[in-house]
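Student: Straight from Swiss-Prot, here's the annotation block:
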{"type": "COMPBIAS", "residues": "492-505", "note": "compositional bias 'Low complexity'"}
{"type": "DISULFID", "residues": "C17-C71", "note": "disulfide bond"}
{"type": "DISULFID", "residues": "C73-C78", "note": "disulfide bond"}
{"type": "DISULFID", "residues": "C82-C177", "note": "disulfide bond"}
{"type": "DISULFID", "residues": "C83-C96", "note": "disulfide bond"}
{"type": "DISULFID", "residues": "C138-C197", "note": "disulfide bond"}
{"type": "CARBOHYD", "residues": "N24", "note": "N-linked glycosylation site"}
{"type": "CARBOHYD", "residues": "N33", "note": "N-linked glycosylation site"}
{"type": "CARBOHYD", "residues": "N103", "note": "N-linked glycosylation site"}
{"type": "CARBOHYD", "residues": "N113", "note": "N-linked glycosylation site"}
{"type": "CARBOHYD", "residues": "N118", "note": "N-linked glycosylation site"}
{"type": "CARBOHYD", "residues": "N159", "note": "N-linked glycosylation site"}
{"type": "CARBOHYD", "residues": "N184", "note": "N-linked glycosylation site"}
{"type": "REGION", "residues": "487-506", "note": "region 'Disordered'"}
{"type": "TOPO_DOM", "residues": "233-241", "note": "topological domain 'Cytoplasmic'"}
{"type": "TOPO_DOM", "residues": "263-273", "note": "topological domain 'Extracellular'"}
{"type": "TOPO_DOM", "residues": "295-314", "note": "topological domain 'Cytoplasmic'"}
{"type": "TOPO_DOM", "residues": "336-365", "note": "topological domain 'Extracellular'"}
{"type": "TOPO_DOM", "residues": "387-417", "note": "topological domain 'Cytoplasmic'"}
{"type": "TOPO_DOM", "residues": "439-449", "note": "topological domain 'Extracellular'"}
{"type": "TOPO_DOM", "residues": "471-536", "note": "topological domain 'Cytoplasmic'"}
{"type": "TRANSMEM", "residues": "212-232", "note": "transmembrane segment"}
{"type": "TRANSMEM", "residues": "242-262", "note": "transmembrane segment"}
{"type": "TRANSMEM", "residues": "274-294", "note": "transmembrane segment"}
{"type": "TRANSMEM", "residues": "315-335", "note": "transmembrane segment"}
{"type": "TRANSMEM", "residues": "366-386", "note": "transmembrane segment"}
{"type": "TRANSMEM", "residues": "418-438", "note": "transmembrane segment"}
{"type": "TRANSMEM", "residues": "450-470", "note": "transmembrane segment"}
Amino acid sequence: MAERDHYHTIDDPNVPCNFYDTVNLTGHRLFPNGSYDYYGTIVPAELVGTYDYIHSSLTERIEVREHVRGCVCKFKSCLNICCPWRQVFNSEVDGCIIDHTDNRTWPDPPMLNITFRNESTILVNMFTQFAIQSFRPCPKMFSLQPETSSWDDYLLFENGSMLRVDDKLLIRKNEFCMVPTYVNESDMFYTIHPANCDMQDDHSTVKIINSYAMMFSIPFMMLTIAVYLLIPELRNQHGKSLVCYLIGLTVGYSSLCYVQLYQVDATGVTCKVFGYTAYFFFMGAYMWLSVISFDLWHNFRGTRGINRFQEKKRFLFYSLYSWGIALVFLAFTYCAQQLSNLPDNLKPGIGDGVYCWLDMSNWAAMIYFYGPILAIVVANTIMFIMTAIKIHGVQREMARIIASENSTKNLRTEKDKFGLFLRLFLIMGITWLTELISYFVGSDKGWSKLFYISDLANAMQGFLIFMLFVMKKKVKHLITNRCSSVRDGSNQRQSQYSTKTTSSSVANLSLHEKPSVEKPLVISSSVDPQKTTIFR
């Protein structure tokens, strides 16, 4: 449902920031106030923490001896190099080494063309423009070499991200690294270029696929919304609640797809607008799911306290509840992101310059998204169970006594509604469950097949909802009747127009002719000249 990072490792809650925003401060100068000097950049004490692990790649977290790291990327743009400077990756040892047999010259200083926000491109010193990190995102990587192929053209931005020009894919700083390259064996100088993950490990590509999976659901949701708005018989309490629920999902999915597919700048206002829009409508959708659960449960209660309200007033109450609570969550999330004294691992991460959606690499997503949804799903489950128990009790009671035909019909109708929305709840429950599990085990390759199940659930849920709520025999019958009534109404209007035109012609004819008492008006028939029609 969300812009998930299938291949992420979650940081500990007690560290000051995401591992990918840190550098190792071991051996660097420590000041009495707790700050560190990292190659001329002062890292303040509040952005220094102790880590007992490292991320050896985007998918692996390794426990190591405690060491000090600083969140230098929080106040200076970082750029990632695959190996420490003047070292190269050796596949035999699966690590970085100093190759003493290599006589090529390293650039000193390394100069890079950087594109800035004003779209100007400037040649800058890599070491002065960026804080340098050393991290290899994936086991298998390939370097871009624009000297040999225009397909490898790229743009480096001032925030450390990169745009692959060929497929317009914006890649975050922790998903690629800079590497020394050469074109020919005879070349005596290294050139610094980015290296991408191999296609099977290309996390940005995986997220693009997930976006298309979500897009597959959107048309079916829109069709379902249209049917329930156009058919008067479906515009009851449950139908309107379903429409609001689907509107929330549709807008949420559309916002995330736009951000992902159009490579929205993570530092711009557009990123924040779409990120918070998606958050608000997703939360609103789940609140409407709880409304549906409550309304079903309420209809089977012995008392009917809320039934004193008319249906319009009840729908207004439900609307204020669902969208109002979603608005409260939105305000809470936005304020948390703006608090300067709140640790970064507790901030939602929406529009923070890296993400347009929630930061899935720490526990913030649990606080602002998965936690509230978990509470809603648990409450819905309880209400569905209570409703099922009540239905069973009513059935037994009606079997014991002689029930009227109306009572039996009403019970059957409510049971049908319950069964229908129970299936909806199961569809959403499975989707939500796979999302939650993928969040917790995102760095474990053994669970990688679950991600495909989650993508499939995202792709299929709109289609399943359409089949469940539109392709029912009763709804198809209503659609047929609606189309027939529209067609009949059009024919009737055409007939009325023709009749009115004929009457008008006859009236005009009567006005222009002088009536004669002795001599009636005779119109000869065009079919048979012997026959005549007389109008008096």
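Cβ from N, Cα, C; glycine included.
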Student: With a Cβ cut-off under 8 Å, give me the same-chain residues at least six positions beyond the ends of the transmembrane segment (242-262) that come close to it.
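Tutor: Sequence-distant neighbours of the transmembrane segment (242-262): 1-3, 207-208, 210-212, 214-215, 217-218, 221-222, 224-225, 228-229, 271, 274-275, 277-279, 281-286, 288-289, 292, 319, 322, 356-357, 424, 462, 465, 469.
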Student: Where does N113 (N-linked glycosylation site) sit in the DSSP three-state scheme?
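Tutor: The three-state answer is strand.
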Student: Output the single range from 212-232, 274-294, 418-438 maximising the number of Cβ pairs under 8 Å to the transmembrane segment (366-386).
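Tutor: Top-ranked stretch among 212-232, 274-294, 418-438: 274-294.
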Student: Compare the Cα of N159 (N-linked glycosylation site) against each of the recorded positions C73, C83, C96, N184, C197 and report the nearest.
Tutor: C73
Student: Of N103, N113, N118, which is closest to C197 (disulfide bond) if I measure between C-alpha atoms? They're all glycosylation sites.
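Tutor: Smallest Cα separation from C197 (disulfide bond) among N103, N113, N118: N113.
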Student: Report the same-chain neighbours of N103 (N-linked glycosylation site): residues 6+ apart in sequence with Cβ closer than 8 Å to its Cβ, ordered by sequence.
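Tutor: Result: M188.
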Student: Here's one to test understanding: among the recorded positions N24, C96, N118, whose C-alpha is closest in space to the C-alpha of C82 (disulfide bond)?
Tutor: C96
Student: Under 8 Å Cβ to Cβ from C71 (disulfide bond), same chain, six or more residues apart: give me those in sequence order, or none if nothing qualifies.
Tutor: P16, C17, D21, T22, V43, L47, V48, G49, D344
